[in-house]
Amino acid sequence: MATRARRALISLLVLLLVSASGVASKSFAITNNCEYTVWPGILSSAGSPEMDSTGFALAPGESRTMPVPAGWSGRLWGRTLCSTDPAGKFACVTGDCGSGRQDCAGGGAAPPATLAEFTMDGNDGMDFYDVSLVDGYNLPMLVAPEQGAPAAAGAGAAGGNCAPTGCVVDLNGACPGDLRVSSTTAGAGGGVACKSACEAFGTAQYCCSGEYGSPGTCRPSAYSQFFKNACPRAYSYAYDDATSTFTCAGGVSAYAIAFCPSTTSVKSAGSNPQAPAGLPLINGTMVYQGGDQFAGAAAAARPPLDLVAVLAGVAALALARPMLQ
């Protein structure tokens, strides 16, 4: 009896340990291809298992692989221009999480910041992921599933696309003047980030709040179109789900996340990356086909946008890189 009870107790302890550990069924392979140090930050959603680390440094060319607990959801971003002051407080010019340390310890990214968002093992066991510019932009980012089969057609907001997504164009130099964040740290007048219109102006129309808090009332603006034209697969405003949410079912063991991805890394991230949804990662034409929700009398209250100059600048950036095959 004692032996049988002991075996039962051991089996129960093993089961509890496995359950408590949030078994890591996947991993993130995070690479910094930028010419400067990037400090990734990670924030787990409420009720989600915690990651092993919530923030660290990646020198240029450095990579780090992290286990991802089963059922994890949260966001990941890159912080730039970070330093520690004489009092020992750590802070970053972009993407700072307010913890005062390299690890974010439950703090989220201060906008503007390019965000990668994940929900692992969601509905029907599918992974949902996206790259979002809704909170603005601070550096190029690519997310690519390394293995896996597409979710069934019609599953998920994007019809079940298991494919690379991101914003791989450097938008800081082409950012509209009324959205640009500059820092002397990056040189006189150097752009280090690009705000969203919501962050810049705080109006309900741009923030999709109040009477504009539904897909039917909050439509793309000239500002969100600036982001969408440059990065067709990334979220450009709150209700940009149809072309910006990606899903993978079964077989995905890892997601590659690259800051400042090279054209080579984009090509190697998945075969034929233009095929899903017919959307390239980079829009080489950069033709503004506009349609601002602010028309007529409301247009007079809209802040001015030097859109022609902006799109010309972004076109030069995009065309300087070979189009993906």
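Cβ coordinates come from backbone N, Cα and C, glycine included.
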*asked:* Going by the disulfide annotation in TrEMBL, which one of CYS34, CYS248, CYS260 is bonded to CYS162?
replied: CYS248
*If you look at what TrEMBL says, which of CYS194, CYS198 makes a disulfide link with CYS175?*
CYS194
_Record TrEMBL, residue CYS97, disulfide partner from CYS92, CYS104_ = CYS104
*Hey, of the disulfide-bonded residues listed (CYS82, CYS167, CYS208), which one tops the CB count within 10 A?*
CYS167
*Spatial neighbour of CYS260 (disulfide bond) that is closest, considering only the disulfide-bonded residues CYS82, CYS92, CYS162, CYS167, CYS175 and their CA atoms*: CYS167
*Where CYS34 (disulfide bond) and CYS92 (disulfide bond) are concerned, what is their Cα separation in Å, rounded?*
16
*Near CYS248 (disulfide bond), how many other Cβ atoms are within 10 Å of its Cβ?*
24
*Want to know which disulfide-bonded residues, from CYS92, CYS97, CYS208, CYS218, CYS231, are within 10 Å of CYS198 (disulfide bond) at Cα; which are they?*
CYS208
_Give me the count of other Cβ atoms within 10 A of the Cβ belonging to CYS231 (disulfide bond)._
30
_C-beta crowding around CYS198 (disulfide bond), within 10 angstroms_ = 23
